[in-house]
């Protein structure tokens, strides 16, 4: 969405924009750079930096255009409905995205590992192979012609993960409290609720970064630590990425709220971010139960 086209009376139609293309290029650079980085290619780091700069820049530019259109009165009831259905479609796509990774986790735990255990008792995939969960294979190092499985300690649930669960559940309550303030036209409650939600989001991100450092340096749990390590970091890493994006969006909403944007009747910008934040909360509950706890 970019510059306005005021010739359409019933439905606002934005002019063509390169923002989606540039944002997609940033995501491609970020993902490709990550793949290069974990395979020890020096270009990976710079690709990730370039991708991050493109993504952040385009988000703020795109948000800025949408905000200007909204404040300019371009969005009426039909546009509001379009945004709501668009957000529903986006969240459904996110459910499919995380569902694929949860599916990989369940397939490995419930089907693959038990089937390997049901083979000939003399069968072994590699030395010291144990068909149990968490599984260290396939992962580790090949020394000569001998495979050495990864040695790691699984991440427990009752520590930082439990604290992060409490943090995200509390943040869901604070963003809802902020919404109540907006509906009552209580600007102070709205701003305080958003500020508390952002603090909780930043706390979650900081604790997860500490957890990753602990996993790599003390537990031996890395992306290369077998199927457990790869599923653990892919699920929690993508969730952390979504929390980071959600926190950035909440900061934008907070700044807009402090400038007097949003009314009890017209505030889908707030609602859309709140929906996204609640979705992130629900995904984390699934992660806590199936990745950390069980």
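The backbone N, Cα and C atoms fix where each Cβ goes, glycine too.
A TrEMBL annotation is a machine prediction, not a hand-curated record.
Annotation comment: TrEMBL describes 11-121 (among others) as domain 'Heme-copper oxidase subunit III family profile'.
The transmembrane segment annotation in TrEMBL covers 18-38 (among others).
Using a Cβ-Cβ cut-off under 8 Å and counting only residues 6 or more beyond its ends in the same chain, the transmembrane segment (44-64) has close neighbours at 1, 19, 22-23, 25-38, 248, 252. The feature transmembrane segment is assigned by TrEMBL to 44-64 (among others).
For 85-107 (among others), the entry in TrEMBL reads transmembrane segment. With a cut-off of 8 Å between Cβ atoms, the residues of this chain six or more beyond the transmembrane segment (85-107) that come close are 231, 234-235, 238-239, 242, 272, 275-276, 279, 283, 286, 290-291.
Among the features that TrEMBL reports, domain 'Heme-copper oxidase subunit III family profile' is placed at 142-293 (among others).
What TrEMBL records for 158-178 (among others) is transmembrane segment.
Residues or ranges marked as transmembrane segment by TrEMBL: 190-210 (among others). Here the transmembrane segment (190-210) has long-range neighbours at 160, 163-164, 167-168, 170-171, 174-179, 181-182, 236, 240, 243-244, 246-247, 250-251, 253-254, 257-258, 262, 277, meaning same-chain residues at least 6 beyond its ends whose C-beta is under 8 angstroms from one of its own.
If you look up TrEMBL, you'll see 230-255 (among others) marked as transmembrane segment. Listed as Cβ neighbours of the transmembrane segment (230-255) (distance under 8 Å, sequence separation of 6 or more from its ends, same chain) are residues 56, 59-60, 63, 94, 97-98, 101-102, 104-105, 108, 139, 155, 168, 175, 191, 194-195, 197-198, 201-202, 204-205, 208, 212, 221-224, 269-270, 273, 276-277, 280, 283-284, 287, 291.
Annotation comment: TrEMBL describes 275-293 (among others) as transmembrane segment.
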Integer average pLDDT (0 to 100) for the domain 'Heme-copper oxidase subunit III family profile' (11-121): 83
